[in-house]
Amino acid sequence: MGAYTTAPCDLEMGPEERTVVLIEKKSSTGWMWKVSVALLIAALCFAGVLLFAWYWNGKPEILIHSGQSEALTKKDHAEKTDPHSTLKRISSKAKAAIHLEGSYDEDEGLKDQVEWKNGQGQAFAQGGFRLVDNKIVIPHTGLYFVYSQASFRVSCSDGDEEGAGRHLTPLSHRISRYSESMGSDVSLMSAVRSACQNTAQEDSYSDGRGWYNTIYLGAVFQLNRGDKLETETNQLSELETDEGKTFFGVFAL
């Protein structure tokens, strides 16, 4: 938009001959506004290009991290729901701990109880714990978490006399403590479960070859140095001794 000013005239010529000349003064705001708009458009375009490049370059990395996070989440969930892995992880961090794997062969070794193995599979002992005569020896007086699991697979065929007899024989698993101060064995924990149960249970299922059942024991006890812990289990011929199915352990708190 232009502005106009009046040019000076000769006063001696009189008002009749007075001439007025209008001179247009160009405004400086017009071209500055156009330059600002152009710079703004250029900046927006540049920002759009940068955003587009960042999205496509970062997308594969985001997908990779997302996949890794999902895999780790599934792995953590599996470990949390598996008592064997959870107890193994906790006990391995304790200063004094022992974790044993169970084995049974009626033709070899102990015939009337589970044979506990150290240094086999995930089994270990540290902090003074010892395995003596198939018993765990407590190294120091204090609080300890004692645990054990026994897994069974029992044939429950009604047409089999031996299988029918198992209907009447429950599964049992017990942890006993021997202390010199008491001079005798004392039961710390025990559990009894029906061998053949056609109704749904949390710790039993069938695969067509037999019923699987698990007995788990675990609690905190005040134990003395030199105390000995052992297990007692029936129906040993039905015991499942694959790695992680039958175990026995203690760790200090």
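From the backbone N, Cα and C atoms, a Cβ is placed for every residue, glycine too.
Residues or ranges marked as disulfide bond in Swiss-Prot (evidence: sequence analysis): CYS156-CYS196. In the three-state DSSP assignment, the secondary structure recorded for CYS156 (disulfide bond) is coil.
The domain 'THD' feature in Swiss-Prot is assigned to 96-253; the stated evidence is sequence analysis.
The topological domain 'Cytoplasmic' annotation in Swiss-Prot covers 1-34.
Look at Swiss-Prot and you will find 58-253 tagged as topological domain 'Extracellular', backed by sequence analysis.
Annotated transmembrane segment per Swiss-Prot: 35-57, in sequence order, evidence recorded as similarity to another entry.
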### Query
Taking the domain 'THD' (96-253) alone, what is its mean pLDDT?
85
### Message
If you count other C-beta atoms within 10 angstroms, which of the disulfide-bonded residues CYS156, CYS196 is the most crowded?
### Response
CYS196
